[in-house]
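Peer 1: Take a look at the following structure, please.
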């Protein structure tokens, strides 16, 4: 399998803690309902799953934000719940209600039926990865992704989204043995799923631990972090084109546990808007020439409802909090990938996204010029 040479490797360089000409930027849920063209494609598809399971539609919507904005990476259009759906739990999306499973996993009998699914059931995802990679034609890298074992378990036990996670936490505290069995199966399934995306052409992969932050200290390490670690240990390090595949881990609400996550076998840690970027850089970013993690994030998505000049000011503030960029191309050092602290809201005005992208690219170039690189 061969693909066009990569023209913009800024995102991948930042993942590897290599110096870049500017701070790369992409957005969680960048292909989504805030774009009118997405809504038009979604209407043609007839349903969310009709969109996600159709290779042509998934390719089309993945590329839509790149046609509008000079983003530095594309991310596969899919859903984190495709894996438990392939386990036979019956995923559906009711209009205005979000995802729902027809079958839930709350007792020993249900857990006994769980197994790592046949990846052929997810062939539509891998075919979409290859299709998107070809359609990108080397423009920017493609990110594959999955939900974390814990986050998938939340939906599998609750049956849908939750405000208090009462059912999954009840199982966790009353039958930790069952929860560990669910999480072990999930971890092995997620690893197989991400490896298949890598084989299909993904150039980086991301684990979304969207609900890790709802756990108590101690429970996070036991029920979330340990199983993210199990996923990472199984991931392929090299993509189909022979280059390394950076691994990104994002735990929403995880700033409390940065020192724990420092030990994860991944290249990038994603941060939500509650994290202090300067503190995160000091804790896990590493020094020039030494080991460390690249950092991704972390502007509040609701900033995008402010006027463009306020958006630009907030973007500059995030960049300034990370601090002076690493500029020595002869070695590695602290790097920053600009992103939101969580997914973009469906109500976001697209022109406000344009203002954000312009501000990030412009200010980050100016920061490097001020640092004396002469490459602004």
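Cβ from N, Cα, C; glycine included.
Small disclaimer: the values here were computed from a predicted structure and weren't measured.
This is the feature table in Swiss-Prot:
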type	residues	note
BINDING	29, 30, 31, 32, 33, 79, 155, 210, 342	substrate binding site
SITE	79	site 'Transition state stabilizer'
Peer 1: Is it possible to get the count of other C-beta atoms within 10 angstroms of the C-beta of residue 31 (substrate binding site)?
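Peer 2: Result for residue 31 (substrate binding site): 24 other Cβ atoms within 10 Å.
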Peer 1: Pop the Cα-Cα gap between residue 79 (site 'Transition state stabilizer') and residue 33 (substrate binding site) into the table, whole Å please.
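Peer 2: If we compare the Cα positions of residue 33 (substrate binding site) and residue 79 (site 'Transition state stabilizer'), the gap is 14 Å.
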Peer 1: Among the recorded positions listed here, 29, 33, 79, 155, 342, which has the most company in the form of other Cβ atoms within 10 Å of its Cβ?
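Peer 2: The residue with the most neighbouring Cβ atoms within 10 Å is 155.
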Peer 1: Under a three-state reduction of DSSP output, how is residue 79 (site 'Transition state stabilizer') classified: helix, strand, or coil?
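Peer 2: It is coil.
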Peer 1: Rounded to the nearest Å, what's the C-alpha distance separating residue 31 (substrate binding site) and residue 79 (site 'Transition state stabilizer')? Just drop the number here, would you?
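Peer 2: Their Cα atoms are separated by 12 Å.
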Peer 1: For the substrate binding residues given in the record (29, 30, 31, 32, 33, 79, 155, 210, 342), what is the largest pairwise C-alpha separation in angstrom?
Peer 2: 23
